[in-house]
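Pulled from TrEMBL, these are the features on record:
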ACT_SITE  Cys262  active site, nucleophile
BINDING   Asp30, Lys35, Thr85, Thr121, Lys265, Arg332  NAD(+) binding site
BINDING   Lys206, Tyr251, Leu252, Gln253, Ala254, Gly255, Gly259, Lys325  substrate binding site
DOMAIN    318-419  domain 'UDP-glucose/GDP-mannose dehydrogenase C-terminal'
Amino acid sequence: MKVSVVGCGYLGAVHAAALASLGHHVTGLDTDAAKVGRLARAEAPFHEPGLPALLRDGTASGRLAFTTDPARLAGARVHFICVGTPQAKAGNGADLGQLRRAVEALRPHLAPGDLVVGKSTVPVGTAEGVEALLAGTGAVLAWNPEFLRQGTAVADSLMPDRLVYGLPEGDGRRAARELLDAVYAPLLERGTPCVATNFATAELIKVAANAFLALKLSFVNAVGELCEQVGADVVELAGALGHDARIGSRYLQAGVGFGGGCLPKDLRSFRAQAQERGVQSLDELLSLVDGINAAARGRAAEAAAAMCGGEVRGRRITVLGAAFKPHTDDTRDSPALDIALQLAAKGALVTVSDPQAAGHAWLAHPQLSFQADAMDALRGAELTMLLTEWPEFTGLDPVAVAAVVDRAAVLDGRNALDAGAWRAAGWAYRGIGQGSGRPVGAARTAA
Ligand SMILES: NC(=O)C1=CN([C@@H]2O[C@H](COP(=O)(O)OP(=O)(O)OC[C@H]3O[C@@H](n4cnc5c(N)ncnc54)[C@H](O)[C@@H]3O)[C@@H](O)[C@H]2O)C=CC1
Ligand SMILES: O=C(O)[C@H]1O[C@H](OP(=O)(O)OP(=O)(O)OC[C@H]2O[C@@H](n3ccc(=O)[nH]c3=O)[C@H](O)[C@@H]2O)[C@H](O)[C@@H](O)[C@@H]1O
């Protein structure tokens, strides 16, 4: 089938390439000419494992093209809208400007019977507004939220846990369902569960899923704070909770909290939606989740000060990680960068290393020093902080690292290092939420 994808960022570029791999003819549209240029040359404009191969295959097959010209979307039967819905500059709500402009640009090129499919994450009620914008075109609207994670976006797109269809009331409902089923036929044939519902439920499923993940993370991080005070270990506690199938072990990795372009802004948008409709309990719950997450970053900065003897001013601190999580170059609302900036603001001499995100981060934050190579970044460090658990960092040899730092003290902000191995190599190791009873700040000088 001929389909279009409007907005080719972290979601849209992967969606376009994945649809081409399913056999569809895909044209991707973006307003960013540089991004379109790279995609048209089958180059991924950001780091996403598996995407370069998918782009190369799609381009070579002649089924994948990219453009900045909305007129080239005419003739496609299904149009996926994947533009950004960031947090508005003022308040917690989402900024829907990209969405409105994308629909307006697409509108003149729609034909009766076309299906427009919203994939962007939006506040409840948005689809109804988009439907009104499409009036007179003869096109039908559906909302099909996306659940992919950056870093595993290709696999998540091709093997999702479920599909959600928000379908219109009335005449267009059956046609919308049939077209979506045709687009996702290979996934449905494999037995992927599909939930077909109305617009409002589909919109809320998406934000509720992200808010629930955030809730789980803030829960374990708040419990971790108590663990630290009483000599308990949140890693062991979370492992034990995870054995209970009703709780599950995923999203219980305690540390410096969640970040990225979605969980934080979706949590706040959901809050704004609850607030607008007077659902105070949900508003307050989400506000606590957000507050606990912000506090986790502050506590990591405080722990760093404690490990430096109470004061970070003038101390050389190496931060391992700039991306909001491993396997992406995305630094949007990154806990690692936030903590690095908090420490730099207090006068620490911060050097950051990241296998993929250092370039982005350096452009935005010239007050931090960056080193591409982790060992170079660690040379002379008085405190090492692991804040993004890239395998390049968790696989570091603590003996080799101890030989290049000034003080062998490490704060493991993701509880991802082998604590026993680091301690055995002479390191003062501290994990977040791990109240081992060891005196904080008792860093041993490297041999
Ligand atoms: N990043 C992710 O892992 C996921 C994102 N989402 C949702 O998907 C949406 C997009 O997110 P990202 O891809 O992360 O954002 P992004 O900022 O990486 O991508 C948005 C793209 O849309 C383009 N754009 C803006 N206005 C446009 C217009 N009028 N016409 C054509 N292109 C336009 C931008 O240039 C940019 O390339 C958001 O609603 C997000 O919440 C949902 C699931 C996963
Ligand atoms: O709407 C979105 O954009 C996406 O948001 C998240 O995906 P993503 O932001 O790519 O990243 P996650 O893997 O969910 O991680 C989010 C944050 O939580 C942190 N995290 C995750 C898991 C964990 O156990 N502990 C933890 O601190 C990560 O380090 C990261 O900062 C959701 O997992 C996706 O389902 C959703 O589609």
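In case you wondered, yes, glycine gets a Cβ from its N, Cα and C as well.
Positions of the features from TrEMBL, shown on the structure.
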residue : record                 : DSSP class
Asp30   : NAD(+) binding site    : coil
Lys35   : NAD(+) binding site    : helix
Thr85   : NAD(+) binding site    : coil
Thr121  : NAD(+) binding site    : coil
Lys206  : substrate binding site : helix
Tyr251  : substrate binding site : coil
Gly259  : substrate binding site : coil
Lys265  : NAD(+) binding site    : helix
Seminar exercise, completed: Of the binding-site residues listed (Gly255, Gly259), the greatest number of other CB atoms within 10 A surrounds the CB of Gly255
Exercise. Can you tell which of the binding-site residues (Thr85, Thr121, Gln253) has the fewest other C-beta atoms within 10 angstroms of its C-beta?
Worked result: Gln253
For this session: Write out the long-range same-chain contacts of Leu252 (substrate binding site), meaning residues 6 or more apart in sequence whose Cβ is under 8 Å from its Cβ.
Result: Lys216, Leu217, Val220, Ala238, Leu241, Gly242
Problem set entry | In the chain carrying Lys325 (substrate binding site), residues 6 or more apart in sequence that have Cβ under 8 angstroms from it | Gln150, Gly151, Gly259, Gly260, Thr388, Glu389
Seminar exercise, completed: Among binding-site residues Asp30, Tyr251, Gln253, Ala254, Gly255, close to ligand 2 by Cβ (under 6 Å) are Tyr251, Gln253, Gly255
For this session: List the Cα distance (Å, whole number) between Gly255 (substrate binding site) and Arg332 (NAD(+) binding site).
Result: 18
For this session: With the Cβ under 6 Å from ligand 1 as the test, give me the qualifying entries from the binding-site residues Tyr251, Gln253, Ala254, Gly255, Lys325, Arg332.
Result: none
For this session: Have a look at the recorded positions Lys206, Tyr251, Gln253, Ala254, Cys262 and say which one has the shortest Cα distance to Asp30 (NAD(+) binding site).
Result: Cys262
